Amino acid sequence: MLKNRWRKFAVLYVGAVAVSLSQLKVVPVMKQLAVETGMPISDISWLMSIFTISGIFLAIPGATLLTKFGAKQLAVLLMCCLALGNVMGALTSNFTWLLISRAVEGIAFSMIIMVGIVLINYWFPEEKAGTPIGTFGIFSAVGSLIGMNVTLPIVEQLGLKSVWWILAVIALVAAVLFQVLLDGPPKESVSERKAKNVSLLEALRNGRTWLLALAQGCMAFVLFTFITIYPQLFTDFYGLSTESANFYASLFGLFGIPFGVVAGYLVDRTGKPELLTFVAYIMLTFSCVAATYLSSALYVVQLFVLSGSVGLVSCIIMIMASRFVKRKELIGYSVSFINMIYYIGIVAGAPFVLKIIEKSGWQMGMNMLSVVAGVGTVSIFVLLLMKQPARVGQQVMKGEE
């Protein structure tokens, strides 16, 4: 078992990035999958959607599993589910079975954030947890950057299902490493769990959890809508070529990566996560308002500000979620509820805004995004005005820095 908390974090991070790679592996090869399965591209897109839908339904039960099995063992189980789903997908070309395999993979996606935050809070003292939580929060962006650049070349060299097999092996290796190298909060007996009386209802009595969930849901609504519509915004509204539009859209994910680390560092240094999130949300809202008023010189500026503000908001909210609980046993339930609203924001955003754009034009669509961002800003402003809670006590590891 590793003693150094940062080495443990690195092992956890490899598993989380594997989840992201598994989630996004179908995007670069959608045309090949359409040929393989004989299904239209519109149906193939469900192979992505099922990941998020799994998150909506499994986020809350995940907190119950966390209290039953413990964070470490649940993390091992998630990697096993990821491996199983990839093996199932590698062995079939039937669309229905592919969909089922993606749902199995989605089990890992639905709980990895919650498990990761619980483990990080166990390994790191509160005053030093911001940076690792912020860094952990960008695992999806790191996975996207890697996946979008390596998936298609691997498929062209080794065949379509080679990526499924590679990820299955990575997930199995991660499961073994988790079991051997990581530790977590001690598993509690049934009598201990009953004595502590930890429940979702207790977590939801905390008004801060609701405000954080609303803010995170609004952020997800805006973020994943822009991920979907950016190429169309640049081609249809601004008249750019497809190549230029895709280039600008690719910058969105690239810009967001460093801001997770910055978010954690700023929280650790200032101790004012609410104020930092409020400022970031104001930037996010202005970026939405400005989206249809850009000159060519401002395309990159808008992308940078929106990407940076989204990165700050999402990571700092996860940091606050683990700090604002009344006792540390409630972290899993609080994070799982926030994640459920986050997943709902992902599912609802793009289809709703695209329908508005289709019927009423781009300006109305951007107005809708601005309103949603404004709601998130207000929720953080209310949080900022609330009396500061007592910080939850933390069990600090004796390992090296």
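Just so you know, glycine gets a Cβ as well, placed from its N, Cα and C.
Look at TrEMBL and you will find 8-391 tagged as domain 'Major facilitator superfamily (MFS) profile'.
TrEMBL lists 46-67 (among others) with the feature transmembrane segment.
Among the features that TrEMBL reports, transmembrane segment is placed at 74-100 (among others).
Under the heading transmembrane segment, TrEMBL lists 106-124 (among others). Note on the transmembrane segment (106-124): residues 5, 8-9, 12, 15-16, 19, 22-23, 50-55, 57-59, 62-63, 65-66, 71-72, 74-75, 78-79, 81-82, 85, 132-133, 136-137, 171, 182-185, 318, 321-322, 328, 331-332, 335-336, 339, 343, 394-397, 399 of its chain, located 6 or more positions outside it, place their CB under 8 angstroms from a CB of the stretch.
Beyond the ends of the transmembrane segment (136-156), by six or more residues, the same chain brings 9, 12-13, 16-21, 23-25, 27-29, 32, 113, 116-117, 120, 162-163, 166, 250, 253-254, 256-257, 259-261, 263, 311, 314-315, 318 to within a C-beta distance below 8 angstroms of the stretch. Residues or ranges marked as transmembrane segment by TrEMBL: 136-156 (among others).
Positions annotated as transmembrane segment by TrEMBL: 162-182 (among others). With a cut-off of 8 Å between Cβ atoms, the residues of this chain six or more beyond the transmembrane segment (162-182) that come close are 1-2, 7-8, 11-12, 14-15, 18, 21-22, 25, 29, 72, 75-76, 79-80, 82-83, 86-87, 89-90, 108, 119, 151, 154-155.
Cβ atoms under 8 Å from those of the transmembrane segment (210-233) belong to residues 204, 242, 245-246, 248-249, 252-253, 277, 281, 284, 288, 291, 306, 310, 313-314, 317, 320-321, 324, 337-346, 348-350, 353-354, 357, 362, 365, 369, 372-373, 375-376, 379-380, 382-383 of the same chain, restricted to positions at least 6 beyond its ends. Feature annotation from TrEMBL assigns transmembrane segment to 210-233 (among others).
Taken from TrEMBL, the feature transmembrane segment covers 245-268 (among others).
If you look at the transmembrane segment (275-294), the same-chain residues 6 or more away from its ends with a CB under 8 A from one of its CBs are 215, 219, 222, 233, 237-238, 263, 266-267, 302, 305-306, 308-310, 312-313, 316-317, 320, 362-363, 366, 369-370, 372-374, 376-377, 380-381, 383-384. The transmembrane segment annotation in TrEMBL covers 275-294 (among others).
Away from its own ends, the transmembrane segment (300-321) comes close to residues 113, 117, 129-130, 133-134, 136-138, 141, 208-209, 212, 215-216, 219-220, 222-223, 226, 248, 251-260, 262-264, 266-267, 273-274, 276-277, 280-281, 283-284, 286-288, 290-291, 294, 331, 334-335, 338, 376 of its chain (Cβ-Cβ under 8 Å, at least six residues beyond either end). According to TrEMBL, the feature transmembrane segment maps to 300-321 (among others).
For the transmembrane segment (333-354), the residues of the chain that approach it from at least six positions outside its boundaries are 49, 52-53, 55-56, 59-60, 62-63, 66, 110-111, 113-114, 117-118, 198-200, 202-204, 206, 209, 212-214, 216-225, 227-229, 317-318, 321-322, 324-325, 365, 368-369, 372, judged by C-beta separation under 8 angstroms. Feature annotation from TrEMBL assigns transmembrane segment to 333-354 (among others).
Counting only same-chain residues 6+ beyond the ends of the transmembrane segment (366-386), those with a CB under 8 A from a CB of the stretch are 207-208, 211-212, 214-215, 217-219, 221-222, 225-226, 274-275, 277-278, 281-282, 284-285, 287-289, 291-292, 313, 349, 352-353, 356. According to TrEMBL, the feature transmembrane segment maps to 366-386 (among others).
Tertiary neighbourhood of the transmembrane segment (46-67): same-chain residues 23, 26-27, 33, 74, 98-99, 102-103, 105-107, 109-111, 114-115, 118, 188, 193, 198, 200, 329, 332-333, 335-337, 339-340, 342-344, 346-347, selected by CB-CB distance under 8 Å and a gap of 6+ residues from either end.
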